[in-house]
Amino acid sequence: MGIIVKEDRLFLLNTRNTSYAFFRDDDGILVQLYWGKKIERPEDYDTETMVWEQGYHPAVDKKREECSSFGMMRYKEASMKFIFSDGVRDFRYRMQEYRAEGDRLDIVLQDQHYPLRVTLHYQVHEELDIIEKWREAENLGEETIGAERFFSGEFTLPGNGYRSINCNGTWADEFKGYEDTLCAGKKIYESMRGATAHVATPAFIVHQDADETRGEVWFAALAWSGNFKVIAEQTPYDYLNLQIGISDTDFCWNLKGGETFVSPRVYAGFSDEGLGKMSNILHRFAAQRVMPSASAERPLRVLYNSWEATTFQVTCEGQMELAKKAAQAGAELFVVDDGWFGQRSSDHLGLGDWYVNPEKFPEGLKPLIDCVKGLGMDFGIWIEPEMVNENSDLYRAHPDWIYRYSTRPVLEGRYQYMLDLTNPEVIRFIVDFIDRLLSENDISYIKWDMNRAMGECAAPHLEKEEYQSIWYRHVQGFYSIIEELRRRHPMVEFEACASGGGRVDFGCLSRFDEFWTSDNTDPLDRLSIQETYSLLYPPKYMRAWITDAADSADRRVPLSFKAHCAMCGSLGIGMDLNRLGEDGLAELAGYVEEYKRLRPIIQFGRLSRLQSGRKDDLYAVEYDKDGEAVLFVFLQLRPRGKYEYTVKLRNLEETAVYAVEADGRVLEKSGAYLMNHGLVLNMRADFSSKCIHLKKR
Ligand code: DGJ
């Protein structure tokens, strides 16, 4: 059973392999007991309060709380903070009641004096080994209550010395995979950019000496695409406190009488078999519970995107030329990127003017779309709906539609301003232009970009008391637009892009069909970006292009290496096909064909990171599904005198025999051999790579 409540005070949340337990103590405070491998017997848990006051350390500060609130002599980080109209700033709650039904638990906390109620919500995804948490604050009175911090979840782990891995990075170098030990004190990372951002990922991964296949790992990912904060505090009381939620830096939500405020959701889990199992849990959960249902089962098409070939120099003829070659290469979707609209000849102008540029497309998009369709491909297009250039008709007509401080010059990022999505008129404008674009043209894919971060949080049509909620309201506006468009155009595929991986998060995962993972398309960098990305997010959502980015005057990377790297996710092509030549095009078409054959295993299979180029000579990643597997292996620089590498596979059947298709030969090997002895591979040159298909006989 997913949820067990004992004596109205012990709450035990069991999934297939894990347990999460907390209890209400005699002070009415919820205290955590356990998070880890399954201990399903409620009788095993001791609900006596073992925490006592100790001179300088109040008991409440020492408790491993499920939901701490600022004040009451708590000195640790607290996961909520409210301010009442009389200036009181501590929320003194008692657990009032709970409701447990099926896989759902709601626990109601009530302030002892003020009309504030907070409900802690839990959804147990028993078969998927995920516990979902979120919170709701309700003002039952008339005076406004300010929610200054309202995180989604708090987790504690006993002891110390935990290691933490994060997926933070920077633009064009996302997902660095930093690792460190959590010592006394706090580690905090957050985004204050209005989007989740390249620099920080809204998730935590904490472990004790875990690797890919061994060790205990605790993890959580936030379903939110705006400012967030993750805090890991090694308290003085021999436990680690982990908190995750929307950022409280410059945040206040004014909860008016009768209103409620709901936090984003956090998905948390535990693996006793290292990081590999953690990723499998999250990928499976994403596919079964988070992705839009239309997207979860639909394979993603191989796309061609013209951005790196043409940048802003888009013309109808030029795109048609590329389309012919893209079709020859086997692309299924042709995407025109930035530069097709308004007066958009560079990034200095045109954003906001979503009409087809008449010089570039004198007869509109139709001739190009007809050409693309005639070549057997679908058509897609790029937009950046939340932005406007100063040099645009939109800005000239509506200078009050952007975020700005009236007394300051407006801040530019990539020469653009951010539209005020807290304004319903702006939302209507955006929904209408995209709806028109999709209704008037045969477009089946949209790449939604966002190329600057938020700056000034002031909006002309809002009261100044609401300014600190703009960070949050912007994301609500963004979500409302994409949700409305999906409702009106359910068959259209949407890609979330923010100058690369600035919007890779579980909030976008439930509203988009894929992510643009990074603007860095050099496969040598991509391999490590992709590796860390896969810790949290499914490979299917990882758009990856074959491009020329790795080549320079003194380095040429073979097409095979570039193609195999991009084939590890949802394949795209982004290179200038005019420079490829007939032989190159034929070789490219071969990889695309191979990808299409293996696509069900790569996009819908289980991923295993076998070897990391950060630690070994090789990167090796395997995907398996229904008795088949695909293995990609990459050697960047061959150490002198080394020609052979052995790669051990995972998740095969020991006793089954597999046909192993590699280098034009088919070998037969048992699962036991492949997993224990390993596959011996000949890798003789720098930038060698292999794509190997295994099929159970
Ligand atoms: C940033 C994106 O990440 C690129 O792929 C491209 O779409 C440009 N923006 C276009 O301006």
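The backbone N, Cα and C atoms fix where each Cβ goes, and this holds for glycine too.
Automatic, uncurated: that is what TrEMBL annotation is.
As annotated by TrEMBL, domain 'Glycosyl hydrolase family 36 N-terminal' applies to 29-256. Residues or ranges marked as substrate binding site by TrEMBL: Trp171, Asp337, Asp338, Arg414, Lys447, Trp448, Asp449, Met450, Asn451, Cys497, Asp519. The feature active site, nucleophile is assigned by TrEMBL to Asp449. Among the features that TrEMBL reports, active site, proton donor is placed at Asp519. Residues annotated as domain 'Glycosyl hydrolase family 36 C-terminal' in TrEMBL: 625-694.
Locations of recorded TrEMBL features on the structure.
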{"residue": "Trp171", "record": "substrate binding site", "Cβ within 10 Å": "16"}
{"residue": "Asp338", "record": "substrate binding site", "Cβ within 10 Å": "23"}
{"residue": "Lys447", "record": "substrate binding site", "Cβ within 10 Å": "24"}
{"residue": "Asp449", "record": "substrate binding site", "Cβ within 10 Å": "23"}
{"residue": "Asn451", "record": "substrate binding site", "Cβ within 10 Å": "20"}
{"residue": "Asp519", "record": "substrate binding site", "Cβ within 10 Å": "20"}
If you average per-residue pLDDT over the domain 'Glycosyl hydrolase family 36 C-terminal' (625-694), what number do you get?
96
Using DSSP, would you call Lys447 (substrate binding site) helix, strand or coil?
strand
For the domain 'Glycosyl hydrolase family 36 C-terminal' (625-694), the DSSP residue counts stand at 7 helix, 36 strand, 27 coil
